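Reading through the structure tokens given below for one structure.
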Amino acid sequence: MSSTGFTSPFGNANPFGSSGRSESGPMHRLVEEDENDTITSPTTPHFGVKNNAAPAFWNGFGGDAPSDMPVRRQPDDFPAHYNLGRRTSVSAESLKPVTDNSDNWSPPVHPKTAEQLERLKKAISGNFLFNHLEDDQSAQVLGALVEKPVPAKGIKVITQGDAGDYFYVVEKGRFEVYVNSTGALQPGPDGMGQKVGEIAEGGSFGELALMYNAPRAATVVSAEPQCTLWALDRVTFRRILMESTFSRRRMYESFLEEVPILKTLTPYERSKIADALESQKYPAGHEIILEGDPGHSFFLLEAGEAAAFKRGNDSPVKNYKKGDFFGELALLNDAPRAASVISQTEVKVARLGKNAFQRLLGPIESILRRTRYVEAEEVDPLQVS
């Protein structure tokens, strides 16, 4: 195999040792792998450079050799007829979210200098996958990521059709994305297929294969030398993000139960809203919505305090606390925002987009209208939207 391939930490040896017994752990592994397969570990210093002396059309990073390649025997390999005639099966890691302390799993931590940590924070700051994470979960992601220099142009980082093992964030450089209509990398100079895009600094790739247990959907190749990637392994990726999604949904369901306007909804309807909400934080003094702007979102105040202001009026016309909502009238009436809402303290809001608002809050539209008009009569003529 060319030196561009990933080096397995076990080489060609039986990863369970001479006894042939697997060690217990939080995940199950596929043991019927081809002995020729080599998979990259993000803990290796860097991606290798292609050895032109060996065929490389399927030998990208994370790539698998064809299943009909001859098998090189090693003294400590499995017996020659191991599993011959037996049905093989594939089992994946168990990633069921847990609510107790019986799960001893903890994410790996790879030490980083202050400079590396700062660069990494910048690299993932704009990535949508991490926007909803709590501070402690973001810290887990930062700790688990491993720096992966890519020294040369034309190095395959992931290969279409392969199993996905790592998720990557681009800190430096550019990467080209190719898709072959056959669904996998093919032999020959045009085997990667058609170029469909590029990924630049701050971008990411490889998440789909990890999220959905699907083969890689594209081949990603370095477009210039001296690139830098950060790699997150499959289990850590799924555990942190899936646990985050599960915890976030439970938190929102509990929160929505406390919102008076939503008490008439069924638990199922509230759960659908919980799935659609996006959490955002704002510092004190931030304009969450601006008077006169078109309305695109509905907001629930999770924490902190905010106030509504009309132009020409220095005093707030309405104050908001945890559990209050605003921004609904612009969506109900398809009208511009009637007031500005400004955070008075650091706040955390749950945002619901216009389409989701109209789809999910239809059952209480009349209540939303009635409640707001009652409040407008009792408090002020503001129709905050």
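Just so you know, glycine gets a Cβ as well, placed from its N, Cα and C.
The feature compositional bias 'Polar residues' is assigned by Swiss-Prot to 1-22.
Summarising the annotation, Swiss-Prot assigns region 'Dimerization and phosphorylation' to 1-128.
Annotation source Swiss-Prot lists region 'Disordered' at 1-51 (among others).
The region 'Disordered' feature in Swiss-Prot is assigned to 77-111 (among others).
If you look up Swiss-Prot, you'll see S89 marked as phosphoserine, on the strength of similarity to another entry.
What Swiss-Prot lists as 3',5'-cyclic AMP 1 binding site is 129-260.
Counting only same-chain residues six or more apart in sequence, the Cβ atoms lying under 8 angstroms from the Cβ of K321 (3',5'-cyclic AMP 2 binding site) belong to L301, E305. Annotation comment: Swiss-Prot describes 261-378 as 3',5'-cyclic AMP 2 binding site.
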Comparing local Cβ density (other Cβ atoms within 10 Å) for the binding-site residues L129, I261, A306 points to A306
The sparsest Cβ environment within 10 Å, among the binding-site residues A214, A231, is found at A214
Measuring Cα to Cα, how far is A306 (3',5'-cyclic AMP 2 binding site) from A163 (3',5'-cyclic AMP 1 binding site) in Å? 48
